[in-house]
Amino acid sequence: MAWNTNLRWRLPLTCLLLEVVMVILFGVFVRYDFDADAHWWSWRTEFYYRYPSFQDVHVMVFVGFGFLMTFLQRYGFSAVGFNFLLAAFGIQWALLMQGWFHFLQGRYIVVGVENLINADFCVASVCVAFGAVLGKVSPIQLLIMTFFQVTLFAVNEFILLNLLKVKDAGGSMTIHTFGAYFGLTVTRILYRRNLEQSKERQNSVYQSDLFAMIGTLFLWMYWPSFNSAISYHGDSQHRAAINTYCSLAACVLTSVAISSALHKKGKLDMVHIQNATPAGGVAVGTAAEMMLMPYGALIVGFVCGIISTLGFVYLTPFLESRLHIQDTCGINNLHGIPGIIGGIVGAVTAASASLEVYGKEGLVHSFDFQGFKRDWTARTQGKFQIYGLLVTLAMALMGGIIVGVGLILRLPFWGQPSDENCFEDAVYWEMPEGNSTVYIPEDPTFKPSGPSVPSVPMVSPLPMASSVPLVP
């Protein structure tokens, strides 16, 4: 089926409408917080403690996630560009949604540097979900997904952090598990029966894999900042960085080991190195600020590197062939399963907390055992950590079904590409001259009068071996 992918009016109107709504809502509801307001001057503000972490998280969202998805040979523009678009819209909507739940003072949402970090966390979950549908949806569909995912993320985050009192410093549950299974549910709803017609573009080339590795390295380097960005100042934040650092390092070695072991000639697969090596940062997220101990963090990374790499080899093909889950980036192996592992590790670590390990004040401070939680024990905290993981999975699955089915994203007027034109930049981007393409035009107003054929690069005839004419 050939759908009209000309977005000349639909995309501009959608973007402008959303931004006008943001301007109005910000004008009505958003003001600076105490540290940013000129009425109360002080140079000792939260900004100077949090901004370095905010910078690192910001780079991860826009550079790390964006470039990680450039592995597709003909989808680099869209991977980086659409990630940029949905993240830019998502942070605005996240500031409002999270503000209404967490930062409302009177009738105003007060915004400071901590809001910016939390908004980036929310958008990181959106970027995770983007990986599942990469190459198969239009930018309008992505904006719609972002709007509803940010909304559901804020609700789920409020339930976990405010009602269940769950500890999730690095977002193993709220960010990675939610984003992964929301995205996987949506991509299952949007299943493409004839995606094999675009299979040749679903592969990588040398240069695209190299660009994707840049994204991996940015994510890997800055993940300690990501997991510690909103932890309490002092020992909690310090522990979160150390635990993440150790888990990431161990994950690299086991990912490389398993990748080599699974190849009959012992060669490495770049897909595994790009996507399995950062999984240790995901898995240690919930327990990052707990007394996991450095050796415990190494164990988490060790196990996660093995499971993530095995997932790319065996689980992803199984999900596509048996369950019709077309996971473009393999987010189930980088974010989904490691996120669940992180939730379980957090629950076990919390349940095993003791006075000998934490001390009385440390136990109260680390788990907020005061006020509403003053009668809680470590086992109670561990039990509620499991509840939080289950709630997150339920919210992600139900939310993905609602967005995929309830919003009828399969209808052709969203401008999505047809099955034979997935994973192709030329559908939505002006391509440089001389760049070969296998794009089949879908807009009837631009189709040639004859039958549509894939365009191919012009090849000049080879020179003759001799310029002397041949005579019989």
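Even glycines carry a Cβ here, placed using N, Cα and C.
Checked against Swiss-Prot, the domain name for Trp40 matches that for Asn332, so both face the same side of the membrane. Swiss-Prot marks one residue of Asn275, Asn435 with the annotation N-linked glycosylation site, and that residue is Asn435.
Between the listed ranges 31-51, 451-471, Swiss-Prot ties the annotation transmembrane segment to 451-471. Sequence-distant contacts of the transmembrane segment (210-230), counting only residues of its own chain at least 6 positions beyond either end whose CB sits under 8 Å from a CB of the stretch, comprise 50, 52-54, 56-57, 59-60, 63-71, 76, 114, 117-118, 121, 124, 169-171, 204, 237-238, 240-245, 248, 252, 270, 273-275, 277-278, 281, 284-285, 288-289. Non-local neighbours of the topological domain 'Extracellular' (231-241) in the same chain are 49, 169-170, 224-225, 288-292, 362, 365-366; each lies 6+ residues outside the stretch with a CB under 8 Å from one of its CB atoms. Taken together, the residues in the topological domain 'Extracellular' (98-114) have a mean pLDDT of 93 on the 0 to 100 scale.
Below 8 angstroms of C-beta separation, residues 121-122, 124-133, 136-137, 145, 149, 152-153, 156-157, 160-161, 226-228, 230-231, 236, 240, 244, 281-286, 288-289, 323-328, 331-332, 335-336, 338-343, 345-346, 388-389, 392-393, 395-397, 399-401, 403-405, 409-410 of the same chain, each at least six residues beyond the ends of the transmembrane segment (169-191), sit close to that stretch.
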